[in-house]
Amino acid sequence: VEADKQGVRLLAARLAEAFGGLSELLPPGTADALVLLAATALVVPILASLKLSPILGFLIAGCALGPNGLHLVRDVHTTEVLAELGVVFFLFEMGLELSIERLKALSRDAFGLGSTQFILTTLALAIGAEWAFRLPKAASLVIGASLALSSSAFVIQLLQERQELATRFGRASFGILLFQDIAVVPMLVLVPLLGTGGSGAALGTVLLTALLKAFAALSIIGGVGPIVLRRAYQGVTASKSQEAFVAITLLTVLSMSAFTKALGLSDTLGAFLAGVLLAESRYRYQIEADIAPFRGILFGLFFITIGYAIDLRHLAANWPQLCAMLVCLHVLKASLLVVLCKLGGLTSKASIRTGVLLSQAGEFAFVLFGLAQQHGVIDAQLAKLLLLCAALSMSATPFLADAGAHLAESWERRQRRLDADDSSNVLEPAHDSREGQVLVCGYGGVGTIVCDLLASMFVPYAACDIDPQVVAAAQERGLPVYFGDARRPDVLRAFGLLKSAKAVVIALDKPSECLRITKSLRRDYPDLPIFVKSTAASRRALLDVGAQSVVSGEMESALLIGAAVLKCTGKNEQEVISLIEEERSKVYAKSLAETLASVPVYGSKDKDKEEVVDVDIVWEQGKGPPEQPGAAPAAAAPAS
């Protein structure tokens, strides 16, 4: 074994020596760029084939290529400067996902759960750090606040990859992470002050100054930004130049970041605010597509630089202490979050998944620990240990997500066994009962797309279906879909939503069943907005009995009903149109691919395998396709 270890060390040394000789023949920085691009090109497909997040591969690449590994990357500082742009673009993209409407929808999770989690976790970790390392209160507070943050980048990317951002635990996680990103701003101001040992009066003065600067930045960006950006983008789009469009987007991100940084605030705050402003514009989806390559490469670079902090020799020398720190960190953060989520109205399953998923340290811990070391709040040796702990904690995130899902499933199975004496034929909705939900009857093709659209804009909903396999598959993903026969009025009443629901969507397959449910609901709830999927033949009958809007055609029904319901719940019309345009392109592309795959090639020898192609018509017969993508549903008749 010792001989094998020596062989590996010798091979690594010779590889580094050979590459060092090659790098001397190249211009400065070129060798580093080649190494990093090669690492990115290799890491992403390998990790994808293993069904693991590429972020884990970036961390491993950073550990192997950086100063604590083979040292193939020589100019570490330049790499770190470029990597910071990855965080800037990430928060800009995060802002694009958060229009004013979505911020309102997330306010409870962000400012309720998020603020409570951050304060309590900071205090608990600060007390633990003070006791474990015999530190002064200032240093303990910095450590507690830094480790209280979770990894927005890692968690959000995982949720997006697994299509769980729309689930209840996904929305709660997103809201908590949003508050944590906002909380970073005052922490970046406080850490340097704590290093100077300032008095309470000085602390108050600095906080007041920071508050005034933040208010000034928000006022200027919020007041002037929309006007300037609207005119700038109108001029650029009129030229129909893709290069100019990308350039104005990059200019917007970097200039707003520089503006907030010049005021002594975080550059990431400026990028985030720029994203929020553009989230309300019609250009949002084009911007998101254009910056994706920049953001992806630079953000991967950021995680590679985090991997630089993983020193395997330091890990081997301090592994008992690091193991204890990791266990304490994850157990404490997960336990607190599970309790807080449960008190906040989440189910046990959603609470467990949220708590375990957010129990790691975050990327901003590296920024804060570096700042604390620079200003003398913590010493270099402790900073190195904390950075290693944070890096290892983040590396465990994909496994934490899987562990949280398995633990939540085990808990739910145990609860089902305890409740086995309940013979009701309806699974009661166990999610947090909020007013203003949308009830979706039927979780087939139309119902699924409508629910996805609602979740995209953080509109709470509950869906019911009588297919147990469909319900089980949806609940495996944590979605609020329950077994129930929507044709029975008592089943719908059991959901407890009808009196306070914003709308009801009826997406059953048989027109006669849709008609009967619509009549029943309109009789009992005369003011309830009802949106129904139908065939052209039953359209008039449904409108006559009180349906709010009726659309025929499978896929177009789903999109137009979704648009109508979102408008009914008060969402911004332009944002709804943009969302429908994006979703329509996805749905049509999938349908087109499936259709073409089943069409035989003319002259093919396999004529006996030819099949009749059933193409879904997505507009009413005789009226042709919709003239405008994303247009609101036509013939939206008010309830009589």
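Every residue, even glycine, has its Cβ placed from backbone N, Cα and C.
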Correct range for region 'Disordered' (source TrEMBL, candidates 410-430, 620-640): 620-640
Per TrEMBL, the range holding transmembrane segment, considering 89-107, 355-373, 488-506: 355-373
Interface present between the transmembrane segment (385-408) and the transmembrane segment (139-160) (three or more C-beta pairs under 8 A): yes
Leading contact stretch, 110-133, 172-195, 244-263, 322-343, 355-373 vs the transmembrane segment (292-310) - CB distance under 8 Å: 355-373
Closest-packing stretch to the transmembrane segment (110-133), where packing means Cβ pairs under 8 Å, from 244-263, 322-343, 385-408: 322-343
Sequence-remote partners of the transmembrane segment (172-195) [C-beta within less than 8 Å, at least six residues beyond its ends]: 91, 94, 98, 106, 108-111, 113-115, 117-118, 138-139, 141-142, 145-146, 148-150, 152, 155-156, 159, 165, 202-203, 206-207, 210, 214, 264-266, 268-269, 272, 337, 341, 344, 346, 350, 354, 357-358, 362, 364, 367-368, 371-372, 374-377
Chain residues in Cβ proximity to the transmembrane segment (385-408) (below 8 Å; excluding those fewer than six residues from its ends, i.e. six or more beyond): 52-53, 55-56, 59, 143, 146-147, 151, 154-155, 158, 162, 306-307, 309-311, 314-315, 318, 321-322, 325-326, 329-330, 348-350, 352-357, 359-363, 365-366, 369, 378
Intrachain residues whose Cβ lies under 8 Å of the transmembrane segment (355-373), provided they are six or more past its termini: 87, 117, 139, 142, 145-147, 149-155, 158, 169, 173, 176-177, 180-181, 184, 187-188, 191-192, 194-195, 302-303, 306, 309, 329-331, 333-338, 341, 379-380, 383, 386-387, 389-391, 393-394, 396-397, 400-401, 403-404, 407
Reported mean pLDDT - the domain 'RCK N-terminal' (438-552): 81
Residues of the domain 'RCK N-terminal' (438-552) by DSSP state, where helix covers H, G and I: 50 helix, 25 strand, 40 coil
